[in-house]
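Okay, handing you the structure first.
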Amino acid sequence: MALCLQRGGGGGGGGESGSKNDMDNGKYVRYTPEQVEALERVYAECPKPTSLRRQQLIRECPILSNIEPKQIKVWFQNRRCREKQRKEASRLQTVNRKLSAMNKLLMEENDRLQKQVSQLVYENGYMKQQINTVSSTTTDTSCESVVVSGQQQRKNPTPQHPERDANNPAGLLAIAEETLAEFLGKATGTAVDWVQMIGMKPGPDSIGIVAVSRNCSGVAARACGLVSLEPTKVAEILKDRPSWYRDCRCVNVLSVIPTGNGGTIELIYLQTYAPTTLATARDFWTLRYTTSLEDGSLVICERSLTTATGGPTGPPATSFVRAEMLPSGYLIRTCEGGGSMIHIVDHIDLDAWSVPEVLRPLYESSKILAQKMTMAALRHIRQIAQETSGEIQYTGGRQPAVLRALSQRLCRGFNDAVNGFVDDGWTIMDSDGVEDVTIAINSSSSKFLGSQYNTLSILPTFGGVLCARASMLLQNVPPALLVRFLREHRSEWADYGVDAYSSASLKASPYAVPCARPGGFPSSQVILPLAQTVEHEEFLEVVRLEGPAFSPEDIALSRDMYLLQLCSGVDENAAGACAQLVFAPIDESFGDDAPLLPSGFRVIPLEPKSDVPAATRTLDLASTLEAGTGGSGTRPAGEIEAGNYNHRSVLTIAFQFTFESHYQDNVAAMARQYVRSIVGSVQRVAMAIAPSRLSSQLTPKSFPGSPEAVTLARWISRSYRVHTGGGDLFQVDSQAGDAVLKQLWHHSDAIMCCSVKMNASAVFTFANQAGLDMLETTLLALQDIMLDKILDEAGRKVLLSEFSKIMQQGFAYLPAGICVSSMGRPISYEQAIAWKVLNDDDSNHCLAFMFINWSFV
């Protein structure tokens, strides 16, 4: 019989064949397989049982009666240790496999670069030889040579492809093989001059190696990465383009033709959304070829069928501009030890000349293509791989596929609103004389036949959906910073009455609030995380809006409203990334197929051309942003580099509302006015957060309603020393005027000040860097946060009981507690100190708080 041995402790324990003296002498305790099985069952339920649970185990299992509790405790300790070692060994093996595969990938990349260098050296030598030959020739025969060459070309014109159509599989196979060769030349060869994107460093946890094209026709991007999925699964995911490409409207496979080598040829019609209301959507007519290489690699390559390539003609579309996909695709290899190595190439020509000149950077940027297509595909595969392996834990009881579907529905609904395709049932309403906001109506019943819209469309007076949309250009505003501000400070631009109207459309009586009430209503928001992608570039969350009822007759309406919100692109270091905030009203207990009517914002950077001066033009409502630019139009290069932002960006706004047929004009007027007010709010926010308007210094010069920051820091420090008698708040080594302020700003504990006014809520007026981090806000938005909103019920009671002591004695120590940030995240702190801040006249100026050893829960 196999026995399990375990080293005994200083005493105690027992085994089948061990004696008490043996165990006291520190010898091994022997466990029978039955005993190990019983312990393993308990371990599976509770890896760390309490002392009472271990004693109960001995009583319930007779086979463990001869083992002392101390020895069972040692067994569980050893079992946990072995489990930890096993997981660590598994993790290290996974990292080793990734590093080995990444090393192979880097070696291949190095070989490709070496070939490119050799080719460039050869071309350089050839050009030098030609120059020397021309310079040493005494008789100029260049014109004659050109003429002769031209005659030979006319005699031997470039052979055109014969007409190829769906009835000629051999002709399509020839196109497919040409596409395959050109794609492989881009994926692993030197057909395109690739330049690695900044910040995309290879590593076991990175997305992979990402590069963009330089000096080639159209725009191109390439990515190489590793995933823990088999090649066939990867191919299946990549072929399902709508699941990962958010700008994909539809993919129709019109014909599937098997080839003799075991592959398939597909004729595909693809429609994509336009990113903004100022441009037309694109469509593609392509041939997709799936095959295997001799080394077992799986290849999916694709290119447009044009008059130059031959092949059948694609379906016409009046609402789209036909774009061209140059040879692109996916090379999928099997990795040793499992998983796949993926090479992705996207190379397209979006016909940039068909859009207004100011918007052409959207269609000429390889970085935008890399973010929206190439990296999106790789991120999606990595996300599914980690979900499959169980590495990602989700809250809320919803499956990852359901959360991805919700995110996709939000994006798709917003894209539908921005584009307003006629074949979806959208029609444009007449304007009110100003062309800044476009109002579109969709009364098509087919739009609401899905189960998620049944609760809306069954109403007898249901009129449809109205969308108010606008686009504008912003100057010197980082897209990520703007979207982050809009997300965190909804009260700066949103109207509670409009939110209530949108939320009411989900109720049994959906039109209780027929139009927006005049004036804004105060409200606060709590953001509840729902899911996020692997690299945290996208967040799905539920937002709870809290606000008062309008009037006694509206008191029955719930004060809390809920939004399902998707935020993406808030990483300021992601070159070419689109920042987006999309949301839709939901019920508190919304289902997986809940009705979603998305609205929101999208900000896309416009990369400036190096040979084009900084433009000062704006479109539509952005014209007011020219005021205050100082007339220079440009800023020092060093400031631009330090800010790491784009000069211009295009902002698209779209808000959707349901309406009753007899309220159509009222809702249209409300929507138009609301979007205009949002545009005005965004302009104010944009001008406030533009880097050119922020001080380049670390410390702000002044704060509204407060003295100079240096003086305030001196008052805070002096008042702390006077009231507490416990010494200085911090040591100042320098006698410079701002030394105290710098010490305060960099203090490790969160220090913040709030106003003290009779019959008014205390609002924050200053916080050091740790305080801003704790509140998850900025100096600009700090004054929107009230003290009673961040404290929990217990904290408010403690502060109220200690307030008189603070005002009389000058300070008070507050016990450990819990507070919340402006984003709704709970924060714990070990202790808080509150003290009065006195000015130079010893009059009360404000209250200061210091939260010691705080951390997010």
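Numbering starts at 1 and runs along the chain as it is shown here.
Keep in mind that glycine also has a Cβ here, set from the backbone N, Cα and C atoms.
Nobody curates TrEMBL annotations by hand; they come from automatic prediction.
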In TrEMBL, which of 28-59, 92-123, 412-443 is labelled coiled coil?
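Based on what TrEMBL states, coiled coil spans 92-123.
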For the coiled coil (92-123), give me same-chain residues lying six or more residues beyond its boundaries with a C-beta closer than 8 angstroms to one of its C-beta atoms, as numbers and ranges.
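Hits for the coiled coil (92-123): 188-190, 193, 202-204, 208-209, 224, 226, 228, 335-339, 341.
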Tally of helix, strand and coil residues over the DNA-binding region (24-87) according to DSSP?
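DSSP classes over the DNA-binding region (24-87) add up to 46 helix, 4 strand, 14 coil.
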Averaged over the whole of the coiled coil (92-123), what is the pLDDT?
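Overall, the coiled coil (92-123) comes to a mean pLDDT of 74.
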